[in-house]
Amino acid sequence: QICNQHNAEAPSLEQAFHRMAQAEPNLDHDVLWFLLPSYWAKMVVALISFLCFANSYDGDFVFDDSEAIINNKDLRAETPLGDLWHHDFWGSKLSSNTSHKSYRPLTVLTFRINYLFAGGFYPVGFHVINIILHCTISVLMVDVFSILLGGLQFSNKGRRLNLAPKTSLLAALLFAVHPVHTECVAGIVGRADLLCALFFLLSFLGYCKAFRENKEGHNFSIFWVLVSVILGAVAMLCKEQGITILGLNAVFDALVINKLNVVQLFQKLLHKDKSLENSGLLRKGLLFRITLLMSGGASILYIRWRIMGTGPPAFTEVDNPASFADSLFVRAINYNYYYSLNAWLLLCPWWLCFDWSMGCIPLIKSVSDWRIIALAALWFCLIGLICQALCSEDSHKRRILTLGLGFLIIPFLPASNLFFRVGFVVAERVIYLPSIGYCILFTYGFSLLSKQAKKKKILAAAVLGLLLINVMRCALRSSQWRSEEQLFRSALSVCPLNAKVSHSCG
């Protein structure tokens, strides 16, 4: 019904660029799932995300909270506000050799506001803000997934259409109840990831609004593109991963706004095809918008590099032993094994631990190690998905798979050890943003299975059961984050070789 209404309101081909009103396969067609109005869907997502983590509201300060909050002088009223812009996340001077260079002044500012309003270090206010942030992000996900899964299309009155209401609701619920998010919500220092995700999504929605504001021809709103760049900068001031939204906006522009076929474009470039001149890239402004995004991103990174003191962070071997290995082979194979562990945490978030360093994951030093199978399986799946995303003749499939892989991989790059050494082995908090890509791929896979399944009710019941299991897992895990003793003891069964876990329990 939505598609028919949309087709009836569709403008001429010249106006289709702004309104993006091209008919596409309906992802919801064969999916047996709840169909709710937008405001009801958002209320359901908000309620369920709240229920998952509500029992963490009166938890203590645990683990890194001590250093980032209790011992951080930047939270106290006597410390000048200007010092926040010269200190790292832990309150140390960025110029110090011992600084981790984690520059997150806006996150620290919210901690300071919490401290001032509460009149001291009372954890309830800190936890409540984290829960509210996660609920807000989960609600925004309904709109984000409706664009990623259904496309960016508008009625002739300028109202954005949700062409995938069922699948966008399912994807938002999957995100809201994913147990791997517990560290970000129940751990107060996870607010950096929550704030980063909030402005990350606002930057994406702002970029989409650049095309909503079109009125004639192939014009677009430069104002909203610049707003998107600014929101990306704000996201980075909350946590480093935020800058990756600018790359994702460029990918979205190419795939959804300009509907580029990457393989065909590469073939034309390879053969110097003159039809590239008439491909519409310059006319539609893609190159100009990407130039704006790249220039903004480069400027933001340069300013941050100067603030950091142009020096890399200092980490020790116990923080990330693979990065200190002499052999390039050992480093590469262990990095890939860490990627497979992160993927497994998305697929099966049952074994969760507050810290994965200090002997928790022994290094792989030879190809005879059975753990090689894990990274082989990861790359087998990734290569298969990438081939489908690039080479499929179905433009709808190419778009969703590429966006899913983009949101899965690009936000994870700062934590991948590819560009610089990071101070951890595996960290559940850095999967908060990449889980968006996982939810896209899972939901798309569910829609494909629904098309083939004869008993759709059983499949829908299985997914509903998975959501309920995740809700219970979130409640259990968030209760473990209520005190340090419960948190440390929960890690014994997951990482018995971790010296930090044993020391903390002792």
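Cβ from N, Cα, C; glycine included.
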* Structure fact -> Which range of 131-151, 320-340 is transmembrane segment in TrEMBL? It is 131-151
* To do: With TrEMBL as the source, identify the stretch among 249-270, 403-424 annotated transmembrane segment.
  => 403-424
* To do: Would you mind listing the long-range same-chain contacts of the transmembrane segment (220-237), meaning Cβ under 8 Å and 6+ residues beyond its ends?
  => 18, 103-107, 195-200, 202-204, 206-207, 209-211, 213-214, 243, 245-246, 249, 285, 289, 292-293, 296-297, 300, 304
* Structure fact -> Its residues classified by DSSP, the domain 'DUF1736' (311-383) shows 36 helix, 0 strand, 37 coil
* **Contact ranking winner - 131-151, 163-182, 286-305, 403-424, 430-449 against the transmembrane segment (31-53), Cβ under 8 Å** => 163-182
* To do: For the transmembrane segment (430-449), could you work out the same-chain residues 6 or more beyond its ends whose Cβ comes under 8 Å from its Cβ atoms?
  => 27-28, 30-31, 141, 144-145, 148-149, 167, 170-172, 174-175, 178, 180-181, 184, 190, 193-194, 196-197, 200, 241, 244, 342, 345-347, 385, 400-401, 403-409, 411-412, 414-415, 459, 463
